[in-house]
Amino acid sequence: MLYLIGLGLSHESDITVRGLETVKKCKTVFLEAYTSILMAADKASLEKFYGREVILADRELVESGSDTILADAKDDDVAFLVVGDPFGATTHSDLIIRARELEIQVETIHNASVMNAVGACGLQLYQFGQTVSLVFFTDTWKPDSFYDKIMENRRIGLHTLVLLDIKVKEQSIENLARGRLVYEPPRYMSIETAASQLLEIEEIRNEKAYTPDTPCVAISRLGSPSQTFKAASLQELSNYKSGEPLHSLIVLGRRVHALELDYLDAYASDPKKFREDVVKDQEYFKPAPYVPPEEPLSD
Ligand SMILES: C[S@@+](CC[C@H](N)C(=O)[O-])C[C@H]1O[C@@H](n2cnc3c(N)ncnc32)[C@H](O)[C@@H]1O
């Protein structure tokens, strides 16, 4: 059996009781180590907590070498640990499809994910549209497919959760060219970089999917002891010192409920200005007033 087990967001003890009991009985334990990190735990503390060896599984192992992970799962129990919830990243459906092809049984043990825990900032999960991912730009590569999705969400008044890039086991161009297996230190996108990249694309596209004044919420280290929320305009967040990773950004939609705003007051440096920005932003994508169809002319 292959067990996909969610670890929650921060501490080794965030695993569920059923998840922990399962890890303890598995022959092999892999930890997916490239889509997220446990902010208050590491490989050593997990091994101590589970009393088991933990094998770090990088992208290459999961995406190209999944046979290694699945090899034991045919006859023994294998645990594949994922920070957050296993379905909080799109990557892991693929592993399940390959397990099914090999007729390996799969069971998932869920946990909290950034996808639901963001509700802690006060914005209602029911008011979110498509989630988007933002990657680190380079001088020559600035993928902007997120822009159209934010536009679609905002057209119908919904908030957008923007997940930010994590780069682990990355090689510099020079090391890559020389075939040297030397990796750069891990990089986690900050709120400042995310807000600046969003503004850069708005400047290029200029279709007003959002503006520098669009109200946003910065989510930092959700579920950890130093969890922080900041409600401010996109422009303000481009100068915000967001601190240690992990971070996510929410671009507000027009349909902000009064209760959502009351909740966000606590996270704005200037609640009055934040509310003014929300009112100003509501002018974008405002539906045209309803005009009843003309009555057919009677004879
Ligand atoms: C690809 S997602 C993986 C989500 C994970 N499987 C889950 O269910 O929570 C990783 C991205 O989500 C966001 N994220 C994950 N955990 C977070 C946290 N605790 N606080 C803020 N953002 C978080 C970050 O932008 C991070 O780069």
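Cβ from N, Cα, C; glycine included.
Note that TrEMBL annotation is computational and uncurated.
Mean pLDDT for the domain 'Tetrapyrrole methylase' (1-237) in the predicted structure: 93. Taken from TrEMBL, the feature domain 'Tetrapyrrole methylase' covers 1-237.
The S-adenosyl-L-methionine binding site feature in TrEMBL is assigned to Leu9, Asp85, Gly88, Ser113, Val114, Leu164, Leu222, His247. Within 10 Å of the C-beta of Gly88 (S-adenosyl-L-methionine binding site) we count 24 further C-beta atoms, all protein chains included.
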His247 (S-adenosyl-L-methionine binding site) in three-state DSSP notation: strand
Binding-site residues (Leu9, Val114, Leu222), the one with most neighbouring Cβ atoms at 10 Å: Leu9
In the chain carrying Asp85 (S-adenosyl-L-methionine binding site), residues 6 or more apart in sequence that have Cβ under 8 angstroms from it: Gly6, His110, Asn111, Ala112, Ser113, Met115, Asn116
List of residues, in chain order, with Cβ under 8 A from that of His247 (S-adenosyl-L-methionine binding site) and at least 6 apart: Leu164, Tyr188, Met189, Ser190, Ile191, Ala194, Ala218, Ile219, Ser220, Arg221
